[in-house]
Amino acid sequence: MIFGCYALFELVASLVFGKYLVHVGAKFMFVAGMFVSGGVTILFGVLDQVPEGPIFIAMCFLVRVTDAISFAAAITASSSVLAKAFPNHVATVMGSLEIFSGLGLVLGPPLGGFLYQSFGYEMPFIFLGCALLLMVPLNMCILPNYESAPGKHSFWKLVTSPKVALIAFVINALSSCFGFLEPTLSLFVVEKFNLPAGYVGLVFLGLALSYTISSPLFGLLSDKMPHLRKWLLVFGSLITAGCYMLLGPVPVLHIKSQLWLLVLVSVINGISAGMSIFPTFPEILDCAYENGFEEGLSTLGLVSGLISAMWSVGAFVGPTLGGFLYEKIGFEWAAAVQGLWALTSGLAMGLFYLLEHSRRRRSKLQNILGTDGERAALLPDESQP
């Protein structure tokens, strides 16, 4: 519950901050979110000094919830600022920044382990918290102020668009797949292959590195070739589904579980995740503009908040459902269930795009026929003398 509450409060906070981004101010929301997050990260390091029992549990919840809210503020504001600053290169910039997210995933465990072993429990939290706090004055000086009028539209109008709802489902499925691996993959690797604990992180390293390297490439591709976004999104989801079928692998395939296969599938999973994730922001944004949303920071805040919220839902459901299924039916079948989620979202998205293409083609054909008919009516009748 202590870990799960993070995703739930991030979900609610993302929607609220996305709605009121313009009222609060994007720069202030980002800087304030970083400041609070840095402070509560340091507080994590002193939780072992709190008396045992209800007080300790309450403080864990309080610190965790505060961190979730501050993180939601920083992420929602940062995505909106990036989209505002680079309107024609949204996916490219976000893909490039994922290099640093990937580096955090790669360097975080060994750096945290080194600080923990060398200086004790408190030091990893104090070090990271202070690093965040040092970024606050830097961003106060560098980030521009963007002024924008509050928008008239709401999250409800955005998410009730069929296209946006399906993309949100894809985001939710991908986040759940990632979240599923957190509590289950390390247990499976240790049990199945008898690996020492120190080598377990290398399995995650394959996924993190492939995602880090491929992210800027897919971001650039999404911006340079907008017509490919939808198919990157669809095929990325389908490949992700295949990866989760092969992680175990699922027993019906009758493939022997091997470490090299697990690492290879993890690498492909990182690439397919990049394929699916980066087209989502520009696709939702384009859909919002097509449905009458005004161009500006208000709409960017709604889109950013929606994406963060949907990612949070998956981040909660993935570990929770994954842990339950792992205990009941084993890793192989649990991973396959997660794969079915990604498969369903990919197929639904692909079907929608095919119907959309067919509808637009039919509409274009009707316009051409209508124009030809009008032209024919205006021509003189040559059969008359």
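First residue shown is number 1, and so on along the chain.
Backbone N, Cα and C atoms are what each Cβ position is placed from, and that goes for glycine too.
TrEMBL annotations: computationally assigned, not manually curated.
Per-residue confidence over the domain 'Major facilitator superfamily (MFS) profile' (1-362) averages 85 (mean pLDDT, predicted model). Per TrEMBL, the feature domain 'Major facilitator superfamily (MFS) profile' maps to 1-362.
Non-local neighbours of the transmembrane segment (6-22) in the same chain are 29, 64-65, 67-69, 71-73, 75-77, 80, 148-151, 154-155, 296-298, 300-306, 308-309, 312-313, 315-316; each lies 6+ residues outside the stretch with a CB under 8 Å from one of its CB atoms. What TrEMBL records for 6-22 (among others) is transmembrane segment.
The feature transmembrane segment is assigned by TrEMBL to 29-47 (among others).
Feature annotation from TrEMBL assigns transmembrane segment to 53-77 (among others). Tertiary neighbourhood of the transmembrane segment (53-77): same-chain residues 1-3, 5-10, 13-14, 17-18, 21, 26-27, 29-30, 32-37, 40-41, 43-44, 47, 301, 304-305, 308, 312, selected by CB-CB distance under 8 Å and a gap of 6+ residues from either end.
Residues annotated as transmembrane segment in TrEMBL: 123-143 (among others).
Through the fold, the transmembrane segment (164-181) approaches residues 158, 204, 207, 233, 237, 240, 244, 269, 273, 276-277, 280, 283-284, 287-288, 306-307, 310-319, 321-322, 334-335, 338-339, 341-342, 344-346, 348-349, 352 of its own chain, all at least 6 residues removed from its boundaries and within a Cβ separation under 8 Å. According to TrEMBL, the feature transmembrane segment maps to 164-181 (among others).
The transmembrane segment annotation in TrEMBL covers 201-221 (among others). Distant neighbours of the transmembrane segment (201-221): 91-96, 98-99, 101-103, 105-106, 109-110, 181, 185-186, 189, 228, 232, 262-264, 266-271, 273-275, 277-279; these residues of the same chain sit at least 6 beyond its ends, with a Cβ under 8 Å from one of its Cβ atoms.
Positions annotated as transmembrane segment by TrEMBL: 228-247 (among others).
Long-range Cβ contacts of the transmembrane segment (259-278) within its own chain (Cβ-Cβ under 8 Å, at least 6 residues beyond either end) map to 91, 94-95, 98, 170-171, 174, 177-178, 189, 193, 195, 202-204, 206-212, 214-215, 217-219, 222, 232-233, 235-237, 239-240, 243-244, 246-247, 249. The annotation transmembrane segment is assigned in TrEMBL to 259-278 (among others).
For 299-321 (among others), the entry in TrEMBL reads transmembrane segment.
Per TrEMBL, the feature transmembrane segment maps to 333-355 (among others). Long-range neighbours of the transmembrane segment (333-355) within the same chain, counting only residues 6 or more positions beyond its ends whose Cβ lies under 8 Å from a Cβ of the stretch, are 162-163, 166-167, 169-170, 172-174, 176-177, 180, 184, 230-231, 233-238, 240-245, 247-248, 250-251, 318, 321-322, 325-326.
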Most Cβ pairs under 8 Å with the transmembrane segment (123-143), selected from 29-47, 228-247, 299-321: 29-47
